[in-house]
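J.: Below is the structure I would like to discuss, written out as structure tokens.
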Amino acid sequence: MRLLKFVCLLASVAAAKPTPGASHKVIEHLDFVPEGWQMVGAADPAAIIDFWLAIERENPEKLYDTIYDVSTPGRAQYGKHLKREELDDLLRPRAETSESIINWLTNGGVNPQHIRDEGDWVRFSTNVKTAETLMNTRFNVFKDNLNSVSKIRTLEYSVPVAISAHVQMIQPTTLFGRQKPQNSLILNPLTKDLESMSVEEFAASQCRSLVTTACLRELYGLGDRVTQARDDNRIGVSGFLEEYAQYRDLELFLSRFEPSAKGFNFSEGLIAGGKNTQGGPGSSTEANLDMQYVVGLSHKAKVTYYSTAGRGPLIPDLSQPSQASNNNEPYLEQLRYLVKLPKNQLPSVLTTSYGDTEQSLPASYTKATCDLFAQLGTMGVSVIFSSGDTGPGSSCQTNDGKNATRFNPIYPASCPFVTSIGGTVGTGPERAVSFSSGGFSDRFPRPQYQDNAVKDYLKILGNQWSGLFDPNGRAFPDIAAQGSNYAVYDKGRMTGVSGTSASAPAMAAIIAQLNDFRLAKGSPVLGFLNPWIYSKGFSGFTDIVDGGSRGCTGYDIYSGLKAKKVPYASWNATKGWDPVTGFGTPNFQALTKVLP
């Protein structure tokens, strides 16, 4: 029976992969049908698919050199962030490169009206039959065995050798979407005594029982400071998975916790069919959490909720075995939208409280989106991400068919061009919260800006957890903030929310306050934060040396499926940088003294 199943599996894989011709080069391939999916038959030749094609840059170092030049204090170009037109010029491929790709598409049968040249990206729509010929592949219908959702995908695709050096990736092809991408969100019921506390009592509590804007202001030294209303200091809040920020809940929150901010609101940026529906039974907790703390801590800043339709492309692993039918790629949709905005419409801070295990995304996809975060950084955007809520890992095993024991880094927190925010709990002193994710990337090498700090930590760590992580990978998180039991109004009622999804918007608001401080003195916004944080800014953060993260318990915390167990798996908070709280939590007054 086992032999028969193995033979059938080989047959299905063979049916999904045509024999590559000598004139074509394979761009991407999967070794097997992802776990939880079954190939059920050939795709309808007339079915239409919308594709993204990322053009491989001839000199990728130009982008990286530029972001470090404008983001590293002491360099001549520091703070001289690019305009959109300057970024376009930096990334624009040679005319003959774009022409060769467009000619390949049109000669292959794609209607020229369905092709959009966006410089370093090309978007095109065509039917399955034409796409199969173009990419020397066979598209099939794959069914999710758990929820019967079907998708048109392939396990491998190629392009002509003549243009292969110019193609970084084409998607959706090998991307199998998820229904519930990992996000940081833990709900806690509130006791009646907490619900009845006054603003003054919350401030005096120093976040010991419930986190509010009042106690964060006290704990992190903001006092009653607010940002000024300026066009050059905007905050963007990312919304995915049909999460909608509710105006009525924000009004209730501000009335209760920030009375001086009553009447302040946010605008909407709706991307790729995104919505921000008010009322109704849909989920809104994450969106409300983000918006209430961003507006509450910096209420005069211009805040935009960027709602993007669609669900992300992931390769199934134990943490997220269920799939979705939406073909949109939300990060790509959002990021391509943002990098095309004029500089005066861009947020100076963008906070996002979503993430996926790094291994569950194809390598080409993580590289392409990480580069887009870098592009935002060159234009002066501080990109903030929550680090995740699984400690060193949840499933703690690889999804490459080997099922090897391995810690699970989180993406985009592991991208070297974002600032990753871990979580703390308690006061006097603050401690690392046990769920705060962190670790070392398996995709991105450690950037030079964090060499010294991470090497110091690795000396302390020694051989502990050897083989379970890549010590040469990009280390995260970078910094941290309170992450346990935030007061949030949702559907008219107050609840408690925990997770690094709470830490990220709180930190974003504090960064906006620092930008406001700099702008008032005639200096530009901070932009990409990490080179400053690791060179000098770290001294403005309170080092967290107590507590630690936990994970790898033998069961995946999201799916409940049995997984690898690593006894006592953890990252401990230590003196200096560590992979659970980074450099620690902000002290606003101290930070203003070490600004570049």
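Cβ atoms are placed via backbone N, Cα and C, with glycine included.
Just so it is clear, the model here is predicted, and its values are computed rather than measured.
So Swiss-Prot lists these for the protein:
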- E286: active site, charge relay system (ACT_SITE)
- D290: active site, charge relay system (ACT_SITE)
- S501: active site, charge relay system (ACT_SITE)
- D543, I544, G576, D578: Ca(2+) binding site (BINDING)
- 210-596: domain 'Peptidase S53' (DOMAIN)
- N265: N-linked glycosylation site (CARBOHYD)
- N403: N-linked glycosylation site (CARBOHYD)
- N572: N-linked glycosylation site (CARBOHYD)
- 1-16: signal peptide (SIGNAL)
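Could you give the neighbours, burial and distances for every feature on this list?
T.: DSSP gives E286 (active site, charge relay system) a helix state.
Within its own chain, D290 (active site, charge relay system) has V237, S238, G239, A245, T351, S353, S501, A504, P505 as residues 6 or more apart in sequence whose C-beta sits under 8 angstroms from its own.
According to its DSSP assignment, I544 (Ca(2+) binding site) is coil. Sequence-distant neighbours of I544 (Ca(2+) binding site) (same chain, 6+ residues apart, CB-CB distance under 8 A): T424, P429, E430, R431, A432, A480, A573, D578, T581, G584, T585.
Within the same chain, residues at least 6 positions away in sequence whose Cβ sits under 8 Å from that of N265 (N-linked glycosylation site) are Y247, L250, V295.
Look at N403 (N-linked glycosylation site): DSSP puts it in coil. Non-local contacts of N403 (N-linked glycosylation site) by the CB criterion (under 8 A, 6+ apart in sequence, same chain) comprise Q397, K564.
N572 (N-linked glycosylation site) falls within a strand segment according to DSSP. Cβ neighbour count for N572 (N-linked glycosylation site): 17 (other Cβ atoms within 10 Å of its Cβ, all protein chains included).
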J.: Provide, as an integer number of angstrom, the distance between the C-alpha atoms of N572 (N-linked glycosylation site) and D543 (Ca(2+) binding site).
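T.: N572 (N-linked glycosylation site) and D543 (Ca(2+) binding site) have their Cα atoms 13 Å apart.
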J.: Other than D543, I544, G576, D578, which residues of the same chain sit close to Ca(2+)? List them in sequence order, counting a residue when its Cβ is within 8 Å of the Cβ centroid of the site.
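T.: The surrounding set, listed in chain order, is V545, A573, T574, K575, W577, T581, G582, F583, G584.
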J.: Let me make sure I understand the structure: which of the recorded positions listed (E286, D543, D578) has the fewest other Cβ atoms within 10 A of its Cβ?
T.: D543
J.: In whole Å, how far does the CA atom of G576 (Ca(2+) binding site) lie from that of E286 (active site, charge relay system)?
T.: 31
J.: How many neighbouring Cβ atoms, not counting its own, are there within 10 Å of the Cβ of S501 (active site, charge relay system)?
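T.: I count 30 other Cβ atoms within 10 Å of it.
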J.: Let me know the model's mean pLDDT on the domain 'Peptidase S53' (210-596).
T.: 91
